[in-house]
Amino acid sequence: MKFVLLFGVLLVTLFSYSSAEMLDDFDQADEDELLSLIEKEEARAKECTPRFYDCSHDRNSCCRSELFKDVCTCFYPEGGDNEVCTCQQPKHLKYMEKAVDKAKKFGGKIKKWFG
């Protein structure tokens with residue numbers, strides 16, 4: 001019985017050590033991947049197309065606003081055959097950003113009152 005108990009404790013110890021090593025490896029891989037994604041996003045942010053500028057060359061190059069990414073919207077001007085594309089923010093996202101800003105301001109006032 002002592003042998004089985006000793007073997008069980010040894011097995012649990014080895015298993016916990018190996019799982020801790022695997023978790024450390026996964027954490028390091030996730031951290032490296034996250035850093036590379038952040039670097040790519042920063043590089044892309046420098047090349048983005050500002051709001052109301054032409055985005056016909058790359059329809060996914062629109063800049064981000066505070067919360068949401070602008071959308072490349074294409075249309076045909078009246079009396080013209082050429083398609084015009086510009087980066088624009090959809091109205092519903094604009095209203096959502098305004099609501100979030102007002103909620104932040106209200107939260108700041110509450111902190112002043114009770115904080």
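The backbone N, Cα and C atoms fix where each Cβ goes, glycine too.
Marked as signal peptide by Swiss-Prot on the basis of sequence analysis: 1-20. What Swiss-Prot records for C48-C63, C55-C72, C62-C87, C74-C85 is disulfide bond, and it gives similarity to another entry as the kind of evidence.
All protein chains shown were included, and the count of other CB atoms within 10 Å of the CB of C55 (disulfide bond) stands at 25. Counting in whole angstrom, C87 (disulfide bond) lies 8 from C63 (disulfide bond) by their C-alpha atoms. Once Cβ contacts within 10 Å are tallied over all protein chains shown, the disulfide-bonded residues C63, C87 are led by C87. Around C85 (disulfide bond), a 10 Å sphere centred on its CB holds 18 further CB atoms from the protein chains shown. Sequence-distant neighbours of C74 (disulfide bond) (same chain, 6+ residues apart, CB-CB distance under 8 A): S56, R59, E83, V84, C85.
Taking the C-alpha atom of C55 (disulfide bond) as reference, the shortest distance to any of the disulfide-bonded residues C48, C62, C63 belongs to C62. The separation of C62 (disulfide bond) from C48 (disulfide bond), Cα to Cα, is 5 Å. Comparing C63 (disulfide bond) with C72 (disulfide bond), their Cα atoms are 10 Å apart once rounded.
A separation of roughly 7 Å, to the nearest angstrom, links the Cα atoms of C72 (disulfide bond) and C62 (disulfide bond). Listed in sequence order, the residues of the same chain lying 6 or more apart from C62 (disulfide bond) and placing their CB within less than 8 Å of its CB are C48, T49, R51, C55, K69, D70, V71, C72, C87.
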